[in-house]
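Here's the structure we're looking at; comments come further down.
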Amino acid sequence: MGAHSVFLILFSVIAIAIVVHGQGQAGFISIDCGSPPNINYVDTDTGISYTWDAPFINAGVNLNVSEEYGYPKNPVLPFPLADVRSFPQGNRNCYTLTPSDGKGNLYLIRASFMYGNYDGKNALPEFDLYVNVNFWTSVKLRNASENVIKEILSFAESDTIYVCLVNKGKGTPFISALELRPMNSSIYGTEFGRNVSLVLYQRWDTGYLNGTGRYQKDTYDRIWSPYSPVSWNTTMTTGYIDIFQSGYRPPDEVIKTAASPKSDDEPLELSWTSSDPDTRFYAYLYFAELENLKRNESREIKIFWNGSPVSGAFNPSPEYSMTVSNSRAFTGKDHWISVQKTAESTRPPILNAIEIFSAQSLDEFYTRIDDVQAIESIKSTYKVNKIWTGDPCSPRLFPWEGIGCSYNTSSYQIKSLNLSSSGLHGPIAFAFRNLSLLESLDLSNNNLKGIVPEFLADLKYLKSLNLKGNNLTGFIPRSLRKRATANGLALSVDEQNICHSRSCRDGNRIMVPIVVSTLVIILIAALAIICIMRRESKIMYSGAYSGPLLPSGKRRFTYSEVSSITNNFNKVIGKGGFGIVYLGSLEDGTEIAVKMINDSSFGKSKGSSSSSSSSQVSKEFQVEAELLLTVHHRNLASFVGYCDDGRSMALIYEYMANGNLQDYLSSENAEDLSWEKRLHIAIDSAQGLEYLHHGCRPPIVHRDVKTANILLNDNLEAKIADFGLSKVFPEDDLSHVVTAVMGTPGYVDPEYYNTFKLNEKSDVYSFGIVLLELITGKRSIMKTDDGEKMNVVHYVEPFLKMGDIDGVVDPRLHGDFSSNSAWKFVEVAMSCVRDRGTNRPNTNQIVSDLKQCLAAELAREPKSNHEKKEVVKEKYTKTKSTVQNYSSNEYNSSSGSVSLSFGDYSTFGPMAR
């Protein structure tokens, strides 16, 4: 039996026999890279639970180390080092880690490498590591049995962390194990805040007796190496030392031992040399008093670097550990740290442990978020068989295969995309349109079907479009032909399948008579049906006004009928600028809501006069009635009918038992509105908006998206209502139309307000405000303690900059939510309210992102009642509410008050730069 088989059997037995004890390892990600599929086990040396790596990466091959270096010849070989994942293809291959604590938190990331001649070449490779888009370190091995360990402390800039291996032409990259550990985000501070990562240089246990300090002794699972020169003594204690006083939490076996010089008057000295004098080093020194000092004894210490003081004099505590670090980076070639006793000290200096890190700047930029979302959608839609992991454009030396980028701005942009011969199937996806800065697109030699979509003409910077070698049919859109004719676009298509207007006309001569004849027959039949239905309508409503015919299931009511079904307008269930809403009941008992339109209905446009209000009401009533007849979606309020008999106007909807979202959030009912329910409401509303933008032909922009226009039924399912201000766009063009500004203060898109240009992103802005109201429980416009008006975006800004998601979330949730889900939700909301509409996501992306938020919430464990109370108590102690819920009905907007401008929040919270 081969060595690998023996090891695998033993490996499986241990994996089955040991109960995986993940408790205490909350937030740990421990990956055995290259392990067999579906293998999960507990490492007997560390007690750490490891898992296979396929869920984290879809590239590379799994291989075992050679028999010479594996089990049983090496019986003490740690399980994670017995196999590797190797990456013979692609310049950059990335593991995708999604830590449970999400963005804004500090993590220790550790990668392990043992070559073990896994490829039989006896050739030690050299390659680089990156975290996200920034360089981490180079991996160099001295021999095949060496276990090279690399560590970095890094703040997560998003919910996803990419750890990438980069081939630099010196051998095939590989990896044995990858680990992530959540840290206390307040420790390991530097003068650069969170704008650097810290790469481990050394971590020494200077009073080492035995052990490594790893988990479970070290809650952060740091690996401590022994360091004890012959000129040092070692002291220890068995007494209690509080390691939790400080967030650094050194393990007992490390802090309870210390080094001291053999001569009491000598210092403790450490030195190292840097090959790069510009490297910035930070040292973290650990101290605790281990001796019972007498009354006439004292230990007072000062720390020096290259002769300059790092700290003032201090006395190590016998009760708890303390950590001292340099506030300014150490730079230069030669470094010398000296721990000395002061003149007043009777006892020699001590040092329990030390960590030294080099600071790695986060200099690289990320790809523009809209481009990332678009290319990820393309990747998912077509299941692109390329090594597309990590950021598409960054680091700039290693973009994705087939992608060309522009690196002239603070965010990189995709300029060219070559997917020729990539096995693409199906129609040309709408996601290509969202690569708005694209100059060259090559989709040739695939199996794309359907028409050439007109939205490709929206790519205004496109200079080259190659669609040859596909199964596309139909006309070339006029807008594309026009650009190609004007020599602004190099267009390549298959002439035999895709036709210009003249050639298609000749080819369709036979079809024209058939189509015309069919249409004539259909028209005659339709006229006959209409005549019959009109006659029946006159009988049913004898004496009533005969207006447009309503579709099946919709009714036109007379005023007397409206009065009857509302019991003479007996019960008011809502009021607003449009008029009053009454509860009604149809003959079959179905409850309905009757919205009576008054003469001051609907929002006035910017610059409108009162003299035009009556005609405006009539126009908006007509717009809403016509739209309600044509739109049908489960997340749009269902339309029953209307009344317009010359005296009164009314719109009649299905009754929504829980009223509108604005009132519900302000009521006592909101106490029971869990985070999961809020996410469902957000998704429902987003889907309704998505239907208006992308499911209707022609598209519709609502123009008055707000919590008051989102209705809730008895199951808290959300439906968008009130289409009086809606705008129908010509054909499928959602670029923009110039129109008077209408909407509600606090929700109006500032870009629309200032330019009069309306498009779908105006609705997206308003929806971003709705999302912020959902998560905060605040109104779109509120009052501060000093009586000033504040928009909800400005309310959340300071919390995001501090990375305080608890400060953002509605306290009525009592802390019972997934922080990962909440951060993602706020990220979506803030992306919706970016200054420029082009930088906001479309509703397709919003729906997708919100579903991810829901998935994260459903995956978590709910908090206990005790935990909820503690969260609320802590939150109210930290931040008393300085903003009160404020009714937007009290707010009368001037032109300036809705002309709001907010910063770009593609990155925010603790990682805002």
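The backbone N, Cα and C atoms fix where each Cβ goes, and this holds for glycine too.
Residues annotated as signal peptide in Swiss-Prot, with sequence analysis given as evidence: 1-22. Per Swiss-Prot, the feature repeat 'LRR 1' maps to 413-434. What Swiss-Prot lists as repeat 'LRR 3' is 461-482. Per Swiss-Prot, the feature transmembrane segment maps to 510-530; the stated evidence is sequence analysis. The domain 'Protein kinase' feature in Swiss-Prot is assigned to 567-877; the stated evidence is sequence analysis. Positions annotated as active site, proton acceptor by Swiss-Prot, on the basis of sequence analysis: Asp704. Positions annotated as region 'Disordered' by Swiss-Prot: 862-896. Under the heading compositional bias 'Low complexity', Swiss-Prot lists 879-896.
In terms of DSSP helix, strand and coil, the repeat 'LRR 3' (461-482) has 5 helix, 7 strand, 10 coil. Distant neighbours of the repeat 'LRR 1' (413-434): 367-368, 370-371, 373-375, 377-378, 381-382, 384-386, 392-393, 402-406, 440-453, 455-456, 458-459, 466, 472, 694, 842, 844; these residues of the same chain sit at least 6 beyond its ends, with a Cβ under 8 Å from one of its Cβ atoms. Helix, strand and coil content of the repeat 'LRR 1' (413-434), in residues and according to DSSP, is 5 helix, 8 strand, 9 coil. In this model, the repeat 'LRR 1' (413-434) carries an average pLDDT of 95.
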